[in-house]
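*Asks:* Input: one structure, supplied below.
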Amino acid sequence: EQPIYSTRAHVFQIDPNTKKNWVPTSKHAVTVSYFYDSTRNVYRIISLDGSKAIINSTITPNMTFTKTSQKFGQWADSRANTVYGLGFSSEHHLSKFAEKFQEFKEAARLAKEKSQEKMELTSTPSQESAGGDIQSPLTPESINGTDDERATPEVTQNSEPRAEPTQNALPFTHSSTISKHWEAELATLKGNNAKLTAALLESTANVKQWKQQLAAYQEEAERLHKRVTELECVSSQANAVHTHKTELNQTIQELESTLKKKEEEIEGLKQEIENARELQAQRDSLTQKLQEVEIRNKDLEGQLSDLEQRLEKSQNEQEAFRNNLKTLLEILDGKIFELTELRDNLAKLIECS
């Protein structure tokens, strides 16, 4: 067995008691791989947690992988009597695993059908003759023989097993039914043999007629060959003309090839011109926008200069106002000092009086 696709996922199994809850079989994400057994022609899903196999599921045509969420999928394995679940790290990994499951499921179905067809052709039950001997198998001689000959298929003892245990060969007790089926097949083959014999006779007659026609064609060809030889002798310039014609044809082909290349170059130049026009239109549009932005910038610079002048004027006015306030405060302080001295003098006069 060889791994053909691998991914990583968290592995779960359905609880055998409740059949509803999921039981994790791995503590962390493990590798889940598809394997192909070329000897048995089967596909399996295998996952190991250390040395323990937590998934060992053989893919059969009746299995279905179901996406239950964006990152979780499950499938039922009737042979293991359980349901496996896988939790992926992303929706992409889930979709990829589902695609591979469908692909290998289809391959398993085709392998099963081929195995069944092979078993139907090689593993047919035996039919005993009247004296107890086994009759000879179907051969080309028995098929092409007379109507009095009979043949039955021989017993294939070392036949390959079926893909499913329920699809084994029919038991020996049903051999008479199978023998009748093969006798009917043999009668059909003999009828086809008679038709082929008639067709062979007709083909033989046609071959004789074709031989006569071939002889007549050969005589005509010899006559034409002689005629051509005579014409070549009469016209010694035929070869030169033919050679010149060949050279002209080659020259014409070369010119056509050159013309085709030139046309391709012209188409390329046209495309470049169209691209250049588009670029020019874009450049013009950007230039116009740039001019508009420059005009707008000039307006904003004028407004900014005006605002700066107003700000400077306002600052000057504030400075003058502060100076006036300082002057008033100094005068006020002087007046307050004089009033204080006056009060003290009045108080002294009152005390003296």
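All residue numbers here begin at 1 and follow the chain in the order shown.
Here the Cβ of each residue, glycine as well, is placed from N, Cα and C on the backbone.
Sharing the features that TrEMBL gives for it:
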DOMAIN    1-108  domain 'WH1'
REGION    112-171  region 'Disordered'
COMPBIAS  136-145  compositional bias 'Polar residues'
COMPBIAS  154-171  compositional bias 'Polar residues'
COILED    200-331  coiled coil
*Asks:* So what's the mean pLDDT when you look at the coiled coil (200-331)?
*Replies:* 85
*Asks:* Looking only at the domain 'WH1' (1-108), what are its DSSP counts of helix, strand and coil residues?
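*Replies:* Grouping H, G, I as helix and E, B as strand yields 18 helix, 53 strand, 37 coil.
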